[in-house]
Amino acid sequence: MTLEQVPAPEGIQWDGQTLPPRPSGFWKLLAMLKSHFWLMGLTIASGITNQAMAIAATCLGAYLVGTAVTGSNVEALVPLLWLLGGTVLLRALMAWLEMWLAHDLAYRILADVRGALYRALERLAPSYLLDRRSGDLACSVMSDVEMLEWFYAHTVGTFVVAVVVPVGALIALATLHGLLVLSLLPALVLVVSIPLWFGRRASREGKALRRQLGEVNAEVVDAVQGLREIVAFGQGGYFGERLARRDRELRKSQMAHGGRAGLEGALTNGAVSLGMLCVLAAAAYLVARGSLGFAFFPLSIVLAAYTFEPVVALTRITQNLGVIFAAAERVFAVLDAPALVEDKVAAPPTGQIVPHVRFNQVSFRYGPALPNALENVSFEVAAGETVALVGHSGAGKSTCIHLLLRFWDTTAGSVTIGGHDLRNFPQATLRELIALVPQDIYLFNMSIRDNIRLGRPAACDEEVKAAARLALADEFVCCLPQGYDTNAGERGLQLSGGQRQRIAIARALLKNSPILVMDEAVSNLDTENELALQTAMDRLRSGRTTLVIAHRLSTIRSADRIVVLQAGQVVETGTHAQLMRRGGRYAELLAAQHN
Ligand SMILES: Nc1ncnc2c1ncn2[C@@H]1O[C@H](COP(=O)(O)OP(=O)(O)OP(=O)(O)O)[C@@H](O)[C@H]1O
């Protein structure tokens with residue numbers, strides 16, 4: 001799913017629920033300033049003082065030059081020179097303070113947003129993540145958030161300054177002569193209105209630009225993650241061309257954005273030049289008529305220039321607003337995405353929870369428009385039992401696991417643990433009750449020790465080693481260059497499939513949950529690895545309620561019961577011996593798999 005297709009949040013219907021409308025990205029960006037009110041106030045105050053000092057210094061300078069040219073007493077100007085020096089210094093100080101405060105404010109908010117995004121991803125995982133490309137998501141988390149720096153550090157404060165300062169400069173100009181203001185106003189209105197003419201186009205281009213940037217990112221991440229396959233299949237050229245195609249689209253959007261921003265800039269410059277020319281002509285006319293002293297001629301030009309300056313600075317920033325709001329929309333699309341599964345209770349059911357898992361007439365579909373992935377599925381795993389799920393690819397085995405882990409809620413029927421519906425457990429409790437050994441364990445870019453410790457972060461080194469010994473991982477870990485301190489590297493590439501599974505088993509052993517969910521790897525292992533893995537799995541299963549997606553004959557045989565799934569339905573249940581005797585679907589499946 002691309003971002004274009006991310007559910008439009010307003011009034012959307014999802015399985016009968018209407019989600020409330022959301023305020024626009026702009027108001028949400030402003031709302032984030034609430035908790036940094038004082039910092040924002042200080043930024044604006046220093047920005048206004050900075051501009052006021054700049055005007056004061058230039059006006060003083062202009063007045064001094066005007067007075068000196070008309071041959072007045074130069075001695076009398078000395079105090080004004082001191083004042084000019086003080087104003088220049090104060091301006092420099094305020095310029096620094098404004099920058100510092102604006103960036104402090106922006107980076108604080110950006111850190112808040114990144115934290116909120118991470119929490120949102122955690123809340124939405126894994127259902128939402130399955131639908132988004134990881135590179136595109138990474139782009140949202142990093143570069144879209146980075147774009148917001150523009151808004152907080154360079155837009156909000158600049159906007160207030162661009163309103164307050166020109167008003168002050170216009171008042172000062174009006175005290176010199178009303179005609180000066182009148183001569184400048186049409187051009188000022190023109191400058192302010194130019195970004196409005198291009199508003200829609202800027203928003204459209206901004207969205208396209210951020211979307212394409214996300215796609216290029218996704219493409220690059222994809223290619224980097226799949227580099228081994230790309231090289232092995234000699235497909236470097238093909239992927240290079242895909243990336244180049246995305247890049248060409250991105251460049252087209254960037255050119256459109258740059259062209260429009262350039263046109264806006266050129267029109268703004270033209271309007272400012274026109275305004276300055278009008279003021280120049282009006283001031284010259286007033287001086288010639290004797291309505292304005294010559295000493296005030298440079299002053300009126302300087303005041304006119306300062307009326308335009310903050311507005312022009314703002315229009316330069318508004319040229320990027322389309323991209324900033326598009327980035328904000330992408331960020332808020334993640335922050336506001338409704339979680340498919342939410343805690344309905346604050347505390348788990350009271351009393352001891354028996355690890356007895358039951359699927360009661362469960363039907364489930366992944367989306368309102370999709371067919372059922374499970375249809376009236378019922379089976380149970382009694383406390384301490386092992387049940388193996390078998391079936392062809394797409395039969396619904398993983399879906400059963402997803403529902404037990406409550407990654408999704410059932411569409412009809414229920415899954416219970418100890419007789420309690422999963423919806424009556426807070427998700428945190430559920431995660432504690434169940435340990436998962438996935439088919440392809442993700443090894444984080446940290447030491448093997450810390451990778452195992454993810455099972456129970458509070459575990460000491462000895463406990464980690466004990467779990468590894470039980471999982472028969474200790475021996476090969478000790479042979480690694482730095483033993484348990486060896487970095488597992490990105491995706492743990494230096495470990496074999498069987499070794500990685502044993503790390504996953506050690507992780508689960510350390511977690512020590514009463515319920516175990518295993519998705520057995522399909523890959524073939526050598527006999528030694530196979531035996532080691534089997535022993536490790538048997539140790540892990542012992543005394544736990546285990547639901548396993550089984551591929552190995554040894555696992556299937558040793559299960560207390562086998563549930564055979566076909567097209568989302570349970571077609572057979574029984575022990576290996578019973579099902580073999582029956583000679584039905586299970587026997588066919590096994591014959592096909594193991595011949
Ligand atoms: N995230 C998803 N969105 C939509 N449909 C899905 C999703 N995941 C699985 N399905 C569909 O649900 C059905 C059951 O899939 P499931 O992954 O549970 O099968 P499986 O038996 O585990 O297959 P395999 O052994 O290949 O993993 C399939 O038709 C599949 O296409």
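Cβ coordinates come from backbone N, Cα and C, glycine included.
Marked as domain 'ABC transmembrane type-1' by TrEMBL: 42-321.
Averaged across the domain 'ABC transporter' (357-592), pLDDT for the predicted model comes to 88. Taken from TrEMBL, the feature domain 'ABC transporter' covers 357-592.
Feature annotation from TrEMBL assigns transmembrane segment to 37-64 (among others).
Annotated transmembrane segment per TrEMBL: 76-97 (among others), in sequence order. Tertiary proximity for the transmembrane segment (76-97) is limited to same-chain residues at least six positions away from its ends with a CB under 8 Å from its CB atoms, namely 46-47, 49-50, 53-54, 56-57, 60-61, 63-64, 67-68.
Residues or ranges marked as transmembrane segment by TrEMBL: 150-173 (among others).
Sequence-remote contacts of a segment are chain residues at least 6 beyond its ends whose Cβ falls under 8 Å from one of its Cβ atoms, and for the transmembrane segment (179-198) they are 166, 170, 173, 260, 263-264, 267-268, 271-272, 274-276, 278-279, 281-283, 285-286, 300, 303-304, 307-308, 311-312, 315, 318-319, 321. Residues or ranges marked as transmembrane segment in TrEMBL: 179-198 (among others).
For 261-288 (among others), the entry in TrEMBL reads transmembrane segment.
According to TrEMBL, the feature transmembrane segment maps to 294-314 (among others). Beyond the transmembrane segment (294-314), the same-chain residues lying 6 or more positions past its ends with a Cβ under 8 Å from any Cβ of the stretch are 51, 54-55, 58-59, 61-63, 65-67, 69-70, 72, 158-159, 161-162, 165-166, 169-170, 172-173, 176-177, 180, 184, 187-188, 191-192, 268-269, 272, 275-276, 279-280, 283-284, 287.
Listed by sequence, the residues of this chain that lie at least six past the ends of the transmembrane segment (261-288) yet keep a Cβ under 8 A from its Cβ atoms are 177, 179-180, 182-184, 186-188, 190-191, 194-195, 198, 294, 297, 300-301, 304-305, 308, 312, 315-316, 319-320. When Cβ-Cβ distances below 8 Å are used as the criterion, the transmembrane segment (150-173) is approached by residues 29-30, 33, 40, 43-44, 47-48, 50-52, 55, 59, 98, 102-103, 105-106, 109-110, 180-181, 184, 188, 300, 303-304, 306-311, 313-314, 317-318, 320-321, 324, 328 of the same chain, each at least six residues removed from its ends.
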